[in-house]
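What follows is one structure encoded as structure tokens, with my remarks underneath.
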């Protein structure tokens, strides 16, 4: 594989996703070939709003100049109005994601880069939708882990979008073990780290204080870590979350596994939100998403920061190339 071919799915058409995609293709890429799965008219409208060139090509075509973008069309029921999402267009958004994923599962494409979606709008259309991560996992019939990353830090989550009161009961030995195995496999295969060092945070303050501040560490976390260490995994912890992110500590980790959403992600976003990306570990192909929302208030104005989409695309290309190299070696 000279360059991986990646699906580019803008997400919510009324948000900033389409214009960020237009910005993305203004420079020639040496690391991948992009194929958009989107509504052509929406991308053209975004290009016009930004006064940037855009030439949509057949899906198999090779870009020749700035603004060239191969596309697999998923036309909307109603014309897009930036800043005003329309539930009638949600089926096309979901269809674009599903077809892009199918192309990757069958080896036609080698990874997916996704823009931000609007969950409420999709659900208002009558489609039950909890998130793109869950959608892709169900389609591929596999277990996945959400990891967010920036140039300074990688944080994976044992639980994701749960009310805080539900988190302790959700953290079972089976879930934690599955999460750690997926993270370890991804760090070895996708990121090329032969022996990854994975820091595992405790659930409770001070990692439970030997049971005085909660028993989850003693009853669930430590037994799982001991079992996986016996297999050769390098797992540090359970660590107290209040000191685990000190710069002097972070240099000793390749990834951090946090027990819940707001335990790990605020630190990551503080350390570099603009270049933060969302990686779905465990899929049979790399999927990297932007780590920001639809920004409806900015849509069509040309002021949205494209850094996260640029970072997501570059990382997805690297991960796809890494998987291809591993496949050749095996």
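In case you wondered, yes, glycine gets a Cβ from its N, Cα and C as well.
A C-beta separation below 8 Å, combined with a sequence spacing of at least six in one chain, links residue 278 (substrate binding site) to 133, 146, 147, 148, 288, 289, 290, 291, 312. The substrate binding site feature in Swiss-Prot is assigned to 133, 269, 278, 287; the stated evidence is sequence analysis.
Residues or ranges marked as divalent metal cation binding site in Swiss-Prot (evidence: sequence analysis): 161, 206, 261. For residue 206 (divalent metal cation binding site), the number of other Cβ atoms no farther than 10 Å from its own Cβ, over all displayed protein chains, is 17.
When each of the binding-site residues 161, 261, 269, 287 is scored by how many other Cβ atoms sit within 10 Å of its Cβ, 161 comes out lowest. You'll find the Cα of residue 261 (divalent metal cation binding site) roughly 12 Å from the Cα of residue 269 (substrate binding site). For the recorded site, residue 261 (divalent metal cation binding site), the DSSP three-state label reads helix.
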